[in-house]
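Colleague: Here you go, one structure.
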Amino acid sequence: MADREHAKLEERTSKAEKEASAIEEELNKLAKGDLSFVGDERLDKLASENEKLKHRLEVLENAIKAESSSKAVKKEPRKRPSLITDINSVESNFCILEELKNIFEVAIGSAYPDLEDPPIIITLSGNNPKFGDYQCNSSMAIAQLLKAKNVKTNPREVANNILNKTPTSPLIEKIEVAGAGFLNIYLNKSLVEHVLNSIFRFGIKPPPVKRERVIVDFSSPNIAKEMHVGHLRSTIIGDSICRLLEFLEHDVLRINHLGDWGTQFGMLIAHLQDKFPNYKTHSPPISDLQAFYKESKKRFDEDEVFKKRAYACVVRLQSGDPDYIAAWKKICEVSRLEFQKIYDHLDIKIIDRGESFYQDRMVATVKYLKENGYLEEDEGRYIMWGNPDTHEGIPLTIVKSDGGYTYDTSDMATIRQRVEEEKGDRFIYVADAGQHTHFVTIEACAKRAGILKPHQKVENVVFGVVLGEDKKKFKTRSGDTIKLIDLIEEGLKRSLEKLVEKGRDKVLSPEELEKAQKAVAYGCIKYADLSHNRVNDYVFSFDKMLDDKGNTAVYLLYALTRIRSIARTAQISEEALLAEAKKTGFKLTHEAEWKLGKVLLRLPEVILKVANDLYLHSLCEYLYEISSAFTEFYDKCYCVEKDKDGKIVKIYYERLMLCEVTARLMEKCLDILGIKTVSKM
Ligand SMILES: NC(=[NH2+])NCCC[C@H](N)C(=O)O
C-alpha cells in the first residue's frame with residue numbers, strides 16, 4: 001500500500017479510536033446512573049441516548065476493526081440482510097428489533113449508498129402511542145455526516161429520503177416522519193398475532209445466534225477464608241449470566257476459580273501438622289476453618305520459627321510433595337463442603353477449578369513470557385507491563401522476589417488455558433469492581449503476549465458492594481461480618497413469616513408451603529441483586545425484598561400464580577386451548593390486548609441485549625413490564641364471564657391464550673434469573 005494511504009488510514013483509525021473511547025467514557029457514565037425504575041420520561045430519553053451512543057460506538061469499533069484489517073484489499077460491499085416477506089415464515093423466536101435494523105439498513109443503504117457504515121438507530125417509542133411502536137432515529141446523525149461532507153440537507157429531508165427507500169415489510173403497518181426527523185414505526189397487528197400464536201403452539205425458542213464457547217468465571221471464594229456477600233453477588237449474577245447464555249444455546253463452561261493456592265496454605269498446613277499430626281488417617285476436626293485460619297495467622301505473625309516453616313511448607317506444597325498435598329486436600333475439602341451448602345440452597349451448578357489447577361501452567365507461562373522478552377526485572381521480581389512504552393497503569397507481578405507466583409501469575413496462566421485448551425470465544429469474569437484494574441491489566445498483558453487475539457477481550461462483569469440498611473458496609477448487629485449461611489437461613493425464616501402473615505399456611509399444604517417458602521426466600525435474595533444496575537452498590541434489606549408491591553420477586557411470583565389460576569378457574573385445559581388456537585389463532589381486539597401482545601414479543605430483543613452487555617436488570621425491568629401490561633389487560637378485559645351465581649357464561653379463549661403466553665414468558669425470564677416458580681402460594 002502506498003505510504004500516504006497508509007498514513008491516512010492510520011490517522012482515521014486513531015481518530016475513530018479516540019471517538020470510540022470518548023463515547024465509551026460517556027457510556028460508562030450513563031451506565032452508572034441507576035435506570036432501574038421504569039416510566040420516567042427523562043430516563044426513557046437517557047436510555048434512548050444510551051442506545052444511540054452504544055450503536056455509534058459499535059459502528060466506530062467496527063470501522064476500526066475493518067480499517068485495521070483492510071490492508072490493500074478493497075473492501076467487499078456488505079451483504080444486504082435478507083428480509084422477511086411472508087408472515088407465515090416467521091417463527092416464535094422472531095426478533096422485531098433485529099428485523100427493523102435490517103429493514104433500515106437496506107433503506108439507508110439505498111438512500112445513501114456513499115455513506116460508509118451509516119448509523120442504524122432503532123429504539124422503542126416509549127409510552128405515547130402517537131409516536132408509534134418503535135422509531136428510527138438515524139436521520140439526525142446522517143444529516144450530520146452529510147454536512148461534514150458539505151452536502152446541504154436537514155434531518156427531515158433525510159427522514160423522507162429514507163422513508164422513500166424503505167422496503168415494504170409484513171412487520172410494518174405504517175411509518176410516519178415526525179418532529180425533527182424521527183421515523184415513527186407502527187407494527188402490523190397480524191404479525192404480532194401470528195408470533196404469539198407460534199409461541200403458544202410451539203413454545204418459546206431462543207433467537208438464533210452464532211454458537212460460542214463461553215467461559216464464565218464466577219463465585220470463586222477463597223479456601224479457609226470466608227465466603228462473603230461479594231461472593232454471593234458474584235454467584236447470583238454469574239449463574240444468571242450462564243443461564244441466559246445457555247438459553248441461547250451457547251457452549252457455557254461454569255468455572256469456580258477457587259482461591260486454593262496461596263501463601264496462606266503454608267501456614268495452614270504447618271498449623272495442621274502441629275495440631276492434628278494424624279490428619280492423613282483421621283479427618284481433622286476443623287469444621288470451623290475460620291477459627292483455624294485465625295489461629296494459624298496469629299502464629300504466623302508472631303512466631304518467626306513458625307513463619308519460616310510456613311514458607312517452607314508452601315514450597316513443598318507447590319512442588320507436589322504427597323504429604324503436603326494430602327494436608328492441603330483436607331483443608332480444601334472442609335471449605336468446599338461449606339461452599340456447597342450455599343450452592344445447594346441457591347441451586348448453583350459450577351465446576352471447581354481453583355488456582356492450584358494452573359500450577360504447571362504457571363511454570364510454563366512464566367517460561368513463555370520470560371523467553372519472549374515480556375518480563376522486566378524490578379528489585380528482584382519480574383513484572384510485566386500492559387504497555388512497555390508508556391508504563392501506563394500498574395504492572396503485573398509475575399514472579400515475586402522469593403521466586404513465588406501471585407494472583408497475577410495465576411490469571412495469566414488461566415487466560416492462556418482458556419484460550420488455548422478450552423478454545424474459548426468469550427471470557428467472562430464476574431468479580432467485584434475492586435478487581436477491575438487487575439482484569440484490565442490481565443487483558444492488556446495477554447494481548448501483548450499474543451495470548452488473546454486482537455478481537456478477544458476479558459469481560460469483567462463488575463458489581464458494587466453490598467450495604468446494610470444503614471448504608472454502611474453490611475455487618476451483623478454486633479459488627480461481625482455476615483455468614484452467608486446465616487443470611488440464607490434468615491431469608492427462609494422471614495419468607496415463612498411473610499407467608500404466614502398472609503394466612504397462606506391455612507390454604508397451602510405443608511409441602512406447598514415449604515416450596516413457596518423456598519421460592520420466595522431464594523427468589524427474593526436473587527431478584528433484589530439482579531434487578532439493580534449491578535455497577536451500583538446495593539442495600540440489602542429483607543423488608544424491601546419481601547414487599548409484595550413493587551418490582552420484587554414476591555410481587556412477580558404472586559402475579560404469576562394469579563395468572564395461572566385464571567385458566568384453572570375457567571377449567572379450560574391446555575389441550576382445549578391449543579385446539580382453539582389451531583382453529584382461530586390469536587386475535588388482539590381490545591387496546592389493552594394489543595399493548596400486552598407487543599410487550600410479549602420483546603423477549604428476543606431483551607435477551608440479545610443482555611447477552612451482549614450482561615446487565616441483567618434489563619431483563620428484570622422487562623419482566624416487571626410484562627406483569628404491568630398484564631395487570632392493565634386483566635383490569636380491562638374479562639377472560640371469563642360469570643353470572644350472579646358464579647356460573648361461567650362466557651369464555652374468551654384468545655384472552656386465556658394471552659394469559660398462557662404471558663405466564664410462560666414470565667416463567668422463562670424467572671428461570672433465566674435462577675428463580676423457581678410455584679403453582680400455588
Ligand atoms: N480468575 C479470577 N481471578 N477470578 C476471580 C477470583 C476471585 C477471588 N478468589 C476473590 O475472592 O476475590
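Yeah, the Cβs are placed from backbone N, Cα and C, and that goes for glycine too.
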Colleague: Of the ranges 1-21, 400-420, which one does TrEMBL flag as region 'Disordered'?
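Modeller: It is 1-21 that TrEMBL annotates as region 'Disordered'.
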Colleague: Count the residues of the domain 'DALR anticodon binding' (556-681) that DSSP assigns to helix (H, G, I), to strand (E, B) and to coil, and report the three numbers in that order.
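Modeller: Counting residues per DSSP class in the domain 'DALR anticodon binding' (556-681), I get 87 helix, 7 strand, 32 coil.
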Colleague: Determine the mean pLDDT over the domain 'DALR anticodon binding' (556-681), rounding to the nearest whole number.
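Modeller: Averaged over the domain 'DALR anticodon binding' (556-681), the predicted model reaches a pLDDT of 94.
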